[in-house]
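Database features (TrEMBL):
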ACT_SITE  341  active site, proton donor
DOMAIN    35-281  domain 'Orn/DAP/Arg decarboxylase 2 N-terminal'
MOD_RES   58  N6-(pyridoxal phosphate)lysine
């Protein structure tokens, strides 16, 4: 066997990858918890004082990932009762949760309040009224709310969550669910308004949208004499998926500069960020085995025992590094297809150059730690990949996120 790089994945050498494939079968994800810590520390170091990092839980539900961020003292950005239960099952204090719902139903607010959530993000008049009723039923002492807004549109990002195509938050307009009307509804309900929240998108290519959004938001707060204790700017910090992106230090410096400017005008307030992809993408690789090959229409097609929903290739302008554990160095151009019975199951459709790959060899896909496992689907009733984690020199098998769904459902039904 040979491999293009001596080390694939931190301490993961070719012998270990091959041994794990033999012991556990393929496909499997391999998660390096030390990578999570280093990404967290890198981000924390470049943020201004009085800043809080909240892990976007939906990025990766692996129990060791959750527990790593728990031990680091992060907050958790959460969207559902199921995610709350996942945190509880992993020993997390729900007082550290920021609960941001899209549906904003009274029952989910009630569930969060009963279990200790103390910060909620609201984004509609109906949602504010639902939360108000839940607070009346359960009590809301020590509970604060943020208002989710859309301060800017047309953000240069792989995925934008602002503008006419977005369903999130409220806008500066004369419509029913405007920033002004929702603030009035919060006041009428007697809720403790702590500040504003926005999330601009994913893979944001420049700090400029953050700076503009912060200025628009706090200009409004200053003009309306609104006290701001918390400003939550969401996530969206970019990861290098084969396309150059600015370093996180640039985002931290530009955001820190504008935050300090506004603190001089408004007094000190907490800055919250909610990264998911930035913290987890680099932590995980996917290992699959080539199980079949064929030549058709003038190209070679390799079929693996995984599928396109197990990888992030071709999503959001991504170009993922693929490493090979093969029997030959002879280069071959090939497309890579999955093992599902549907015509869109292409992992890499356009042929790429690989090192002599044939059935039995392994392919390792890098940077698969964010928003990948939670897209695995049960089509054809095939099993989901195993999840292996490495920490302190030990490899162990974890629950796949989907294997916990039944347990989580029982917990809140």
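In case you wondered, yes, glycine gets a Cβ from its N, Cα and C as well.
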Most crowded position, judged by CB atoms within 10 A, among 58, 341 as recorded positions: 58
Mean of the pLDDT scores, which run from 0 to 100, over the domain 'Orn/DAP/Arg decarboxylase 2 N-terminal' (35-281): 95
Rounded Cα-Cα span from residue 341 (active site, proton donor) to residue 58 (N6-(pyridoxal phosphate)lysine), Å: 28
Three-class DSSP secondary structure - residue 341 (active site, proton donor): coil
